[in-house]
Amino acid sequence: MKNTVRTFQMAKEKGEKLTMLTAYDYSTARLMEEAGINAILVGDSLGNTMLGYEDTISVTVEDMIHHGAAVARGTSDTMVVIDMPFMSYQTGTRDALINAGRLMKEGRAGAVKLEGGASVCPQIKAITEAGIPVMAHLGLTPQSVNAFGGNRVQGKTEEAAKKLIEDALAVQEAGAFAVVLECIPEKLAKIVTEKLDIPTIGIGAGAGCDGQILVYQDMLGMFSDYVPKFVKKFANVGDVMKQAFKDYISEVSAGTYPAQEHTFKIDEDVLEKLY
Ligand SMILES: Nc1nc(=O)c2c([nH]1)NC[C@@H]1CN(c3ccc(C(=O)N[C@@H](CCC(=O)O)C(=O)O)cc3)CN21
Ligand SMILES: CC(C)C(=O)C(=O)O
Ligand SMILES: [Mg+2]
């Protein structure tokens, strides 16, 4: 079944959990679709996991289109959400519309995601009204890492928690079809989830959210620059990969790979003429 904004709304109404993971390439997206994920986020976390940057600040619209289009080619029923990178929407509704349009036309996004609350509501409204579904993102918004002074838990004070609740209501009012809640206390996420009519997708926000998302290299145990507290390693794929690389190196060094079954033959009469 095709996952759309209606799937998200119906899941919230029925109390069924929504599942999301990040992906940045065709092969991974295909595996996730076959596993039955609702939606894939082509996150600007690709700056960290695919490109080796320290943060998401340097990621460009071109990067997002390049990876987004690959994910889109690997999916048919999965909703593909593409992150709007830093400074592709903060500069105003016109820039936001142009860039969201590029992510949909060139990246084949089914929806876009952007970070922020009340301050980006004009952008959310304009993009939504252009026919592009918007996922909002509150709490730890990594594009503001320099303003936060690090990737820190958000919404812990009364003031910050009240602001987050107001922002959540504001992005819903502006037209967002869902909102990511990142790195906030689970009880605050529960309150937000109960107050909103649109689904909340949590990452480091507890089990009370309407859905969950993780960065796929984190949940597969193949990214070790940092491991946030909210990450559960569902497999140790990093270890499996490293062992396979070691086995390959050993076998090539020993001359045991390639074996006969990996080689191509030539007819004896052709071969004779070559000497
Ligand atoms: N691989 C990866 N996973 C992510 O979840 C992720 C990215 N990259 N890149 C973009 C942002 C950055 N994110 C991060 C990065 C670090 C922490 C972290 O280490 N947090 C501390 C909290 C410290 C505190 O108590 O305030 C932790 O221990 O979880 C959290 C989110 C989430 N996003
Ligand atoms: C962690 C998720 C929510 C994200 O924004 C990303 O992967 O870029
Ligand atoms: Mg992101």
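From the backbone N, Cα and C atoms, a Cβ is placed for every residue, glycine too.
From a predicted model like this one, the values you see are computed outputs, not experimental measurements.
Annotated features in TrEMBL:
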type	residues	note
ACT_SITE	GLU182	active site, proton acceptor
BINDING	ASP44, ASP83, GLU115	Mg(2+) binding site
BINDING	ASP44, SER45, ASP83, LYS113	3-methyl-2-oxobutanoate binding site
Next item on the list: Taking the Cβ of GLU182 (active site, proton acceptor) as the reference point, list residues of the same chain whose Cβ is under 8 angstroms away and which are at least six residues distant in sequence.
Entry: HIS137, LEU138, GLY139, LEU140, THR141, PRO142, GLN154, GLY202, ILE203, GLY204, ALA205
Note to self: I'd like to know which of the recorded positions listed (ASP44, ASP83, GLU115, GLU182) lie near ligand 3, counting only a CB under 6 Å away.
What the structure shows: ASP44, ASP83
Notebook entry, point to check: ASP44, ASP83, GLU115: which of these binding-site residues has the sparsest Cβ neighbourhood within 10 Å?
Noted result: GLU115
Notebook entry, point to check: Counting across all protein chains shown, how many other Cβ atoms sit within 10 Å of the Cβ of SER45 (3-methyl-2-oxobutanoate binding site)?
Noted result: 23
Next item on the list: Give the distance between the Cα atoms of GLU115 (Mg(2+) binding site) and SER45 (3-methyl-2-oxobutanoate binding site), rounded to the nearest whole Å.
Entry: 13
Checklist line | Protein Cβ atoms within 10 Å of LYS113 (3-methyl-2-oxobutanoate binding site), excluding its own | finding: 24
Checklist line | C-alpha spacing of ASP83 (Mg(2+) binding site) relative to SER45 (3-methyl-2-oxobutanoate binding site), in angstrom | finding: 9
Item checked: Among SER45, ASP83, GLU115, the binding-site residues whose C-beta sits under 6 Å from ligand 2 -> SER45, ASP83
Next item on the list: Measure between the Cα atoms of every pair in ASP44, SER45, ASP83, LYS113, the residues the record assigns to 3-methyl-2-oxobutanoate, and report the largest value in Å, rounded to a whole number.
Entry: 12
Margin query: Can you give me the residues near the recorded Mg(2+) site, meaning same chain, not ASP44, ASP83, GLU115 themselves, Cβ no more than 8 Å from the center of the site's Cβ atoms?
Written below: GLY43, SER45, THR56, VAL59, MET84, PRO85, PHE86, LYS113, LEU114, HIS137, PRO142, GLN143
Checklist line | Secondary structure at ASP83 (Mg(2+) binding site), reduced by DSSP to three states | finding: strand
Next item on the list: Select, from ASP44, SER45, ASP83, GLU115, each of the binding-site residues with a Cβ positioned under 6 A from at least one atom of ligand 1; if none does, say none.
Entry: SER45
